[in-house]
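Record features, source Swiss-Prot:
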- T11, R15, T264, G307, G408, N412: ADP binding site (BINDING)
- T11, R81, E82, Y133, D242: sn-glycerol 3-phosphate binding site (BINDING)
- T11, T12, S13, T264, G307, Q311, G408: ATP binding site (BINDING)
- R81, E82, Y133, D242, Q243: glycerol binding site (BINDING)
Amino acid sequence: MSYLLALDQGTTSSRALVLDRDGQVKGAAQQTFAQHYPQPGWVEHDPAEILATQFDCARTALERAGVAASALAAVGITNQRETTLLWERSTGRALAPAIVWQDRRTAAACDRLREAGHADTIRASTGLEVDAYFSATKLAWLLDHVPGARARARAGELAFGTVDSWLVWHLSGGALHVTDAGNASRTMLFNIHRCEWDETLLALLDIPPALLPRVVDSSGVCGTTCAEVLGAAVPIAGIGGDQQAATFGQACFAPGMAKNTYGTGCFLLMNTGAAPVTSTNRLLTTIGWRSRGETCYALEGSIFIGGALVQWLRDGLGLIRRAEDVEALAASVPDSEGVVLVPAFTGLGAPYWDAYARGTLFGLTRGTGAAHIARAALEAIALQTVDLVAAMDRDGAGPLAELRVDGGAAANDLLMQIQADLLGVPVVRPKMLETTALGAAYLAGLGVGMWSGIEELASHWRAERRFEPVMAEDRREAAIARWRRAVERARGWVAA
């Protein structure tokens with residue numbers, strides 16, 4: 001049994017990869033699923049569609065790999081984080097659509113928590129800013145709006161979970177209601193110092209403890225799949241939120257190492273070791289992973305709109321036919337000619353945390369063309385990352401020596417060069433871009449003893465290309481100053 005199955009449940013698609021012990025992909029499958037926007041600021045997924053696409057991908061990947069489920073050493077799961085589900089324990093049926101991490105419907109509830117003076121208490125316990133991004137206020141909203149939900153929750157009839165919990169519940173035939181420490185740390189309900197659910201915060205939001213999953217290590221066997229799902233009972237031995245899994249897959253095992261994932265959003269995580277670093281610059285202190293009871297912490301900066309900006313150029317503006325076309329279009333001009341795009345379509349994440357910022361486009365002239373807007377879009381992705389690195393540096397977690405990158409948009413050579421230029425440090429792209437799924441596989445493999453430890457895993461990591469900064473310092477500083485001026489104008493655009 002030398003194969004691993006990685007289930008990668010993302011924001012826009014479900015993926016599954018079968019990997020061998022060398023981290024080589026033997027079979028893969030991917031399916032997209034529908035995004036639902038029932039009201040402005042709302043983003044939902046169909047929980048049943050999440051399951052259907054993920055499990056179908058798992059079976060297809062095994063078939064393409066020519067690997068029977070009985071030959072799997074373990075299953076690892078990685079998932080879109082913070083997305084919130086509520087279901088019946090008796091049937092496993094979801095009571096409402098999944099509220100996606102991008103959803104802003106609880107922004108006003110977060111305002112009330114801040115106005116009541118709870119922000120410092122929440123930050124001290126969870127390491128998080130009070131924001132609609134996280135699960136806590138989403139869950140409270142479901143309990144308030146699904147008829148009878150709070151009473152049923154108190155009676156122990158309902159279960160809450162992020163996507164990992166939802167998948168494990170159904171993989172195990174309802175036998176397991178668990179989440180890993182990293183996913184738990186994204187709920188705004190988990191004390192990251194004591195590594196347990198915070199009773200004070202549960203009481204504050206009137207969330208019955210009976211709803212909550214058991215918190216387990218990110219690496220280690222927590223149970224098995226039921227044979228009906230995959231065709232055999234397979235140990236479930238790895239669970240990690242997508243960004244934690246990507247950090248693990250990038251072998252960022254030493255304090256000070258960092259990776260940025262360019263997906264729907266962009267997520268920069270820096271390993272801070274066995275001790276949490278409290279940010280004074282509105283970054284998130286989070287749990288990277290927990291193995292054998294030992295916790296590794298990280299600083300995180302979350303960008304809400306990353307690759308989604310390229311999708312908007314394609315679907316919203318019609319400037320490109322395919323997402324890959326943005327590189328050639330942006331490369332057709334030497335710079336953006338002063339055009340600045342602030343992609344605050346759903347507000348701004350770290351380090352601003354402004355739910356009322358909105359997307360803005362500055363510096364347009366009669367000479368502005370599609371190529372300038374495309375280039376400004378790539379620059380916006382890179383400049384948001386610059387803001388995060390600067391905040392980490394101020395928090396004492398830097399200076400950054402190099403940035404490891406992954407995610408779909410990391411394949412864009414122009415974006416990676418722009419990123420290196422604006423950061424002023426090398427950007428390193430690995431040979432294996434599927435680092436999120438790889439991280440899930442690594443966590444699972446470690447959990448069943450496939451590797452001796454993280455040192456052996458680190459030796460597997462290989463760079464594909466290194467992008468060195470070539471931009472002059474004065475041009476870099478001018479671009480960053482122009483960007484920050486634009487961000488200030490975009491902030492607070494809509495009324496609270």
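Any Cβ shown, glycine's included, is placed from N, Cα and C.
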Review point. Are there any residues in the same chain, six or more apart in sequence, whose C-beta is under 8 angstroms from the C-beta of S13 (ATP binding site), and if so which?
Key: Q30, Q31, T32, F33, T53
**Study point:** For R81 (sn-glycerol 3-phosphate binding site), the one of T12, Q243, Q311, N412 that lies nearest, given that the binding-site residues are compared by Cα
**Key:** Q243
Review point. Beyond R81, E82, Y133, D242, Q243, what residues of that chain have CB atoms within 8 A of the centre of the glycerol site's CB atoms?
Key: Q80, T83, W101, R186, G241, F267, S302
Check your understanding: So of T12, N412, which of the binding-site residues has the fewest other Cβ atoms within 10 Å around its own Cβ?
Key -> T12
Point to revise | R15, R81 as binding-site residues, winner by CB count within 10 A | key: R81
Practice item. Work out how many Å separate Q243 (glycerol binding site) and Q311 (ATP binding site) at their Cα atoms, rounded off. Key: 21
Practice item. List only the single closest residue to N412 (ADP binding site), chosen from the binding-site residues E82, Y133, Q311 by CA-CA distance. Key: Q311
Point to revise | T12 (ATP binding site): nearby binding-site residues from E82, Y133, D242, T264, G307, G408, Cα cut-off 10 Å | key: T264
Check your understanding: Quick one, of the binding-site residues G307, G408, which Cβ has the fewest other Cβ within 10 Å?
Key -> G408
Exercise for review: Specify all same-chain residues, apart from the site residues T11, R81, E82, Y133, D242, whose Cβ lies within 8 angstroms of the center of the Cβ atoms of the sn-glycerol 3-phosphate site, ordered by sequence.
Suggested key: Q80, T83, V100, W101, R186, G241, Q243, G265
Exercise for review: Other Cβ atoms within 10 Å is the metric here; tell me which of the binding-site residues T264, Q311 scores highest.
Suggested key: T264
Revision key, fill the gap. For D242 (sn-glycerol 3-phosphate binding site), the same-chain residues 6+ apart in sequence with C-beta under 8 angstroms from its C-beta are D8, G10, T78, N79, Q80, R81, T261, G263, F267, T436
